[in-house]
């Protein structure tokens, strides 16, 4: 709920009374300070609604690639994010009662407890799934595994261990247990439940020089089959580098899973552009689909593919767009009402940084005959933007996109009615001064009130977390929030 909006609309006198009382409290410092120190006291009448539901995010608490970070089910939106020690934290919001629960810690990440390295690794953010029995699953904690896990048969290792936690009771986020049933050699988890209840967990099987794989469960995630490679890493013979990939997998129509991806040229140390060695250099956009009923993979024209797909096969059969000298950062993929794929890809000019330079969100789509598009969602914009999109008929596309305007972080809707050739800004959902936003992909089965998670990045700790919808952020009582926030260990 939005308290200010509600009081203004339904009870102007109530709103004025609340405002007057707040001013009085500001003058009566001793009395009000005493009341605020007793958050559980019924005497506390100065509680207020805030736009964030938690304030303990760390590092980059959210990303589009680890998805879904939230799910709507039975009138409740369940959300997840990276909290203290890079552990997975889970909260929920009941849309009927207006009540929040949590956040609760769902597991213990090895990434936040490693020796050396940078302060936050950020690769083990939680991914969520709810099985057919109502148990909530969280996949988290890996950046490819480490040498202590043994030899990675499908790549190399780095840090952490990919883990799988499940709620102890259906639809209950308060207690969790780890299930030791997925490989520790994983990162960038993406979880998909098919209509028949089968679960597919997609991820990269290790650090940069590793295959992309999936593991399948037919018993609500209690056991998983061995990893199956679908994108192949291999050493190049023409340059000092290894073929690598970044993928985004989502549910398509019926029994199909759709996958978009970009290519990472993983340079050896001292090689590459200007001898920069290993950078995040990535290029091009690809697409293919997986029929889970037949087990067959195919390109957009229905041509069958043999797994694992190599760079040569990808270039010949699955290419959606060449990006030339632009460096890329992959986004999401969705189907329109005609079953044609659309892809979000972030691309920008290499400006010599380790990451190349800022990348802007662009839209690519298959029109039934060829891949078209590639223009920016935000015209003339040169800084960093990220967004996820909804598409109905091929011409109507809506992006919920974050960008910066001066020093402000902005999250707003951008609308196209011509298949992505032109986008126009519609309305702003969230705006914060002197900040930047990290966002999730769209919440699975989202309702208009709660569509995306947002992290307000002012520093790298104590980050405020928002659940936003068409009308802005879902609010929470500040007293309730302070009472609910856990202490990290």
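Counting begins at 1 with the first residue displayed.
A Cβ is built for glycine as well, from the same backbone N, Cα and C atoms used for every other residue.
Residues or ranges marked as signal peptide by Swiss-Prot: 1-31.
Taken from Swiss-Prot, the feature S-diacylglycerol cysteine covers 32.
Summarising the annotation, Swiss-Prot assigns N-palmitoyl cysteine to 32 and lists sequence analysis as the type of evidence.
If you look up Swiss-Prot, you'll see 60, 122, 125, 143, 204, 208, 246, 278 marked as substrate binding site, on the strength of experimental evidence. The DSSP secondary structure for residue 60 (substrate binding site) is coil. For residue 60 (substrate binding site), the same-chain residues 6+ apart in sequence whose C-beta sits under 8 angstroms from its C-beta are 82, 120, 122, 125, 438, 455, 457.
Residues or ranges marked as active site, proton donor in Swiss-Prot: 123. The Cβ neighbour count for residue 123 (active site, proton donor), using a 10 Å radius over every protein chain in view, is 28.
Annotation for residue 204 (substrate binding site): same-chain Cβ neighbours under 8 Å, separated by at least 6 residues, are 144, 155, 186, 187, 188, 210, 211, 212, 213, 245, 246, 247. The DSSP secondary structure for residue 204 (substrate binding site) is strand. Taken from Swiss-Prot, the feature site 'Neutralizes the sugar carboxylate group at subsite +1' covers 204.
On its own chain, residue 208 (substrate binding site) has 156, 158, 242, 244, 264, 266, 278 as residues at least 6 apart in sequence with a Cβ closer than 8 Å to its own Cβ. What Swiss-Prot records for 208, 264, 266, 278 is Zn(2+) binding site.
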Least Cβ-crowded entry, counting other Cβ within 10 Å, from the binding-site residues listed as 125, 143, 264:
264
Same chain, not part of 208, 264, 266, 278: whose C-beta falls within 8 angstroms of the C-beta centre of the Zn(2+) site? Give them in sequence order.
209, 241, 242, 244, 265, 267, 279, 280, 281
Within 10 Å of the Cβ of residue 266 (Zn(2+) binding site), how many other Cβ atoms are there?
25
Which number gives the other C-beta atoms within 10 angstroms of the C-beta of residue 122 (substrate binding site), all protein chains shown included?
20
Of all the Cα pairs drawn from 60, 122, 125, 143, 204, 208, 246, 278, the residues the record ties to substrate, which distance is largest, in Å?
23
